[in-house]
Amino acid sequence: MTLAITSRLRRNFVFRRRNLESLLSPQCQKLINDLRSCRDTVEVSRIHGYMVKTGLDKDDFAVSKLLAFSSVLDIRYASSIFEHVSNTNLFMFNTMIRGYSISDEPERAFSVFNQLRAKGLTLDRFSFITTLKSCSRELCVSIGEGLHGIALRSGFMVFTDLRNALIHFYCVCGKISDARKVFDEMPQSVDAVTFSTLMNGYLQVSKKALALDLFRIMRKSEVVVNVSTLLSFLSAISDLGDLSGAESAHVLCIKIGLDLDLHLITALIGMYGKTGGISSARRIFDCAIRKDVVTWNCMIDQYAKTGLLEECVWLLRQMKYEKMKPNSSTFVGLLSSCAYSEAAFVGRTVADLLEEERIALDAILGTALVDMYAKVGLLEKAVEIFNRMKDKDVKSWTAMISGYGAHGLAREAVTLFNKMEEENCKVRPNEITFLVVLNACSHGGLVMEGIRCFKRMVEAYSFTPKVEHYGCVVDLLGRAGQLEEAYELIRNLPITSDSTAWRALLAACRVYGNADLGESVMMRLAEMGETHPADAILLAGTHAVAGNPEKSLDNELNKGRKEAGYSAIEIE
């Protein structure tokens with residue numbers, strides 16, 4: 001009933017709009033047609049100049065149309081027009097809010113909304129929907145909650161599309177309970193978009209079971225299941241890894257009659273791949289009447305994740321036979337799997353196919369190639385690919401530095417890291433970059449370089465070291481017989497020392513049998529109130545390695561006891 005009314009209203013709206021446009025002057029009609037064909041700001045500005053020359057810039061309808069088209073192409077140009085309009089109306093304000101909501105400056109929509117309220121114009125639901133879109137993009141919880149309150153007091157919450165926008169806003173901002181509250185307050189005015197939005201919100205916070213419960217509620221309601229809702233449903237099944245659930249979901253798609261939709265076919269292939277039904281995924285793929293590159297990529301990716309790399313290569317050749325042009329995404333997952341399994345032959349075959357297809361070497365694909373070649377032992381090829389890359393991101397640099405380190409070329413790894421800092425101001429090293437450099441220094445015995453890198457990580461980039469970073473530094477100094485230097489380094493860090501660093505050092509003391517330093521570290525942990533029974537056992541082991549069995553026993557008995565673990569079996 002609701003759908004029929006909505007459809008009738010939409011037809012009436014289109015009919016009235018066409019009637020309205022037919023009543024416009026030929027000059028105005030030509031203006032609208034010209035604006036529809038505009039592709040850039042230059043063309044819009046020419047029409048704007050024509051309007052000023054002919055006096056159409058005083059016509060509210062013509063100016064509204066100019067704003068509507070220019071706000072999509074260039075919001076700043078639209079803003080310059082809007083600022084000079086003396087008689088702004090609600091449509092113009094909504095147009096500007098919408099323009100900002102899809103621009104690079106979504107936060108400016110808030111000031112336009114405030115201007116709209118200050119002018120005293122009557123708001124409509126689109127004023128809220130477009131402003132909420134900006135709130136979602138900027139994660140502005142307080143502003144979004146304020147809009148919710150205004151909409152509630154103004155009586156706009158009866159509109160389903162506004163409620164859907166609110167649910168989306170709360171989901172994006174991680175306030176899933178508030179999103180559910182809005183949903184529960186609208187039992188009679190929900191549609192498929194409402195269910196899909198909230199289901200996606202549950203999936204974002206890893207609450208797959210609640211997403212499935214919501215789908216069951218939808219099935220019991222009068223709301224018709226659509227492709228978007230089914231995609232969310234299949235995603236939840238995939239994340240749960242339930243093969244029997246996947247088969248039931250597949251049957252449901254067939255019953256509803258949407259199993260031939262290309263998006264659903266791709267989702268079904270991915271679902272079966274993730275739930276262990278790779279043969280079922282292949283059957284769906286083979287039976288698909290129509291396939292696009294995304295469908296091919298999905299099947300190849302599922303084979304790659306399952307370790308069936310030869311099947312991936314066969315599919316790549318089949319793509320070429322069927323004249324389906326692959327893209328960079330076709331190769332990325334497969335190359336990563338080759339790197340993980342150290343499958344050099346398959347990796348080179350894939351790389352050769354990539355060369356044949358002349359796929360552009362972007363940052364993601366280039367990084368996958370560098371990583372694959374480095375991990376299968378072909379470092380020279382990795383360097384060649386890295387040097388060919390025009391666009392390199394932090395992952396590209398990190399992959400190449402890691403490759404040097406894995407091949408024992410610590411000096412080259414440090415040199416490349418320094419080059420990254422010097423030549424690429426836009427590329428900022430991350431915690432993983434520092435970890436691979438520290439690891440290379442540790443295995444290469446570059447003590448000074450490693451310490452300098454660690455200090456830069458903390459002092460220049462303000463990263464908080466993790467246990468892996470501390471482990472590399474302690475191992476680096478330990479291999480050089482400089483555990484005391486490691487002690488001083490941790491003690492003098494410009495950040496508040498935590499137990500992670502001291503425990504890494506305590507473990508190193510046990511390896512190298514430095515009992516005195518181990519006692520000092522234990523005292524530090526005690527001063528911090530971070531002692532644990534396992535620390536006493538580590539110290540006991542340190543004394544044992546140092547040849548002090550008495551102290552080893554004393555430490556274990558008196559300084560701490562570790563509770564015994566146990567297993568339990570419940571018997572009915």
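Just so you know, the numbers here start at 1 and follow the chain as drawn.
Note: Cβ is positioned from N, Cα and C throughout, glycine not excepted.
These features come from Swiss-Prot:
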{"type": "TRANSIT", "residues": "1-117", "note": "transit peptide"}
{"type": "REPEAT", "residues": "89-123", "note": "repeat 'PPR 1'"}
{"type": "REPEAT", "residues": "124-158", "note": "repeat 'PPR 2'"}
{"type": "REPEAT", "residues": "159-189", "note": "repeat 'PPR 3'"}
{"type": "REPEAT", "residues": "191-225", "note": "repeat 'PPR 4'"}
{"type": "REPEAT", "residues": "226-260", "note": "repeat 'PPR 5'"}
{"type": "REPEAT", "residues": "261-291", "note": "repeat 'PPR 6'"}
{"type": "REPEAT", "residues": "292-326", "note": "repeat 'PPR 7'"}
{"type": "REPEAT", "residues": "327-361", "note": "repeat 'PPR 8'"}
{"type": "REPEAT", "residues": "362-392", "note": "repeat 'PPR 9'"}
{"type": "REPEAT", "residues": "393-427", "note": "repeat 'PPR 10'"}
{"type": "REPEAT", "residues": "430-460", "note": "repeat 'PPR 11'"}
{"type": "REPEAT", "residues": "466-496", "note": "repeat 'PPR 12'"}
{"type": "REGION", "residues": "501-572", "note": "region 'Type E motif'"}
I'm checking region-level scores; what's the whole-number mean pLDDT for the repeat 'PPR 8' (327-361)?
85
Counting only residues 6+ away from its ends, which parts of the chain sit with a Cβ under 8 Å from the repeat 'PPR 9' (362-392)?
328, 331-332, 335-336, 338-340, 342-344, 347-348, 351, 354, 399-400, 402-404, 406-407, 409, 424, 427
Who are the chain neighbours of the repeat 'PPR 7' (292-326) in space, where the CB to CB distance is under 8 Å and they lie at least 6 residues beyond its ends?
262, 265-266, 269-270, 272-274, 278, 281-282, 285, 333-334, 336-338, 341, 343, 346, 349-350, 353, 356-357, 359
Within-chain partners of the repeat 'PPR 10' (393-427) [C-beta distance under 8 Å, separation at least 6 from its ends]:
363-364, 366-367, 370-371, 373-375, 379, 382-383, 386, 433, 436-437, 439-441, 443-446, 449, 453
Kindly report the helix/strand/coil residue split of the repeat 'PPR 11' (430-460) according to DSSP, in that order.
27 helix, 0 strand, 4 coil
Mind checking which residues of the chain, 6+ beyond the ends of the repeat 'PPR 6' (261-291), have their Cβ under 8 Å from one of its Cβ atoms?
227, 230-231, 234-235, 237-239, 241-243, 245-247, 249-250, 253, 298-299, 301-303, 305-306, 308, 324
Count up the helix, strand and coil residues in the repeat 'PPR 6' (261-291) according to DSSP, in that order.
23 helix, 0 strand, 8 coil
